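So the structure is just underneath, and the comments pick up after that.
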């Protein structure tokens, strides 16, 4: 991927619309602008221009914005042609730019150039894509915070504190005769504890943001005819799955995404789990267990008239031990019970009626609580973190935990210094201060063309 040539792309979505935008970025765009527009636009002023082809015939007329470097999105000269949003017009404008020496931009290349020219750090650049992809209002707000640098600022504060501690440890290594007293007088233990506390706070906010971005996979499982498909329909507010009195009606996984308080939930209805000689149903049951392996949470539905049966215990025994399970006692309208939540050492159980709707709101609340979402603070203060961010934060947390041990071992300060260095490196990878070219290519390849 070259970074010193001129790139162009249609920056608006495919299809017809009132406005379409062709974006161009590069060095010395004056000649290209004068050729297409007849003259160079005034910087940072919206102007009305004719867009000209190679024969000086008008392709379209629209608004032009010109941002000379370095005061632009990419840090290079940027020209935006705002025309009528028809595919033919947009393609003619883009073709004209390519005729004049620009090349078609690769996905995410405008934002990559912004990163390389230090207009954005890597976390902010990812915030651009996350804002575009946000599916809920809370997710969009979190993405804006990342784009504005709040997540990066928190990471930079951690890195700065780590650097201060590393300087202290490295100085101690250079003057071994001062070793123990020097570390104690500088309160190194307290410094490390403070960093660990702040890291835990950032990790918590990042986990909440990750929930907003990726949502949670919730698998509905249990014996046939306990109300799994009916619950899917009730939560989705639509007749997504076929419901009958015939056991084994659901033969395949049925997926539906919903939103609860801004959190995307990806519901997966599965075939009823039982012993069967039906080949098709057996395949459905195999798919049910495969879906469970990928789940963040399992709802085990049981018939509230009979409670958790021997067959239900057999299902529970096959579930991954670390997987959160919420037992849902359905059909309380038939058993005369009241909707409620029960929690004990065996986990959480909720009693409801899918048919009447009694207890459904309780279920919504418990779903969020089970996955660690704090309703009272919603998305406030959350960072739109990706899986790579969480992995880096968790790796840094583990390294600092090991560093805590070595800090109390005066003859192992070299290992302590290395653990702190690696923790700093892990955190710096989030903002791109320590990042491989392969990772950059993977991140930006998932962006839109034109962004």
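Glycine residues also receive a Cβ, built from the backbone N, Cα and C atoms like all the rest.
Database features (Swiss-Prot):
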BINDING   23, 80, 119, 451  (6S)-5-formyl-5,6,7,8-tetrahydrofolate binding site
DOMAIN    215-372  domain 'TrmE-type G'
BINDING   225-230, 244-250, 269-272  GTP binding site
BINDING   225, 244, 246, 249  K(+) binding site
BINDING   229, 250  Mg(2+) binding site
Largest tally of Cβ atoms lying within 10 Å of a Cβ, found at which of the binding-site residues 23, 228: 228
Protein Cβ atoms within 10 Å of residue 225 (GTP binding site), excluding its own: 21
Where residue 229 (Mg(2+) binding site) falls in three-state DSSP terms: helix
Pairwise CA distance, residue 229 (Mg(2+) binding site) versus residue 271 (GTP binding site), rounded so that it is a whole Å: 9
Number of other Cβ atoms within 10 Å of the Cβ of residue 229 (Mg(2+) binding site) across all protein chains: 24
Per DSSP, three-state class assigned to residue 119 ((6S)-5-formyl-5,6,7,8-tetrahydrofolate binding site): coil
Residue 271 (GTP binding site) CB neighbourhood, other CB atoms within 10 A: 27
Stretch-averaged pLDDT - the domain 'TrmE-type G' (215-372): 84
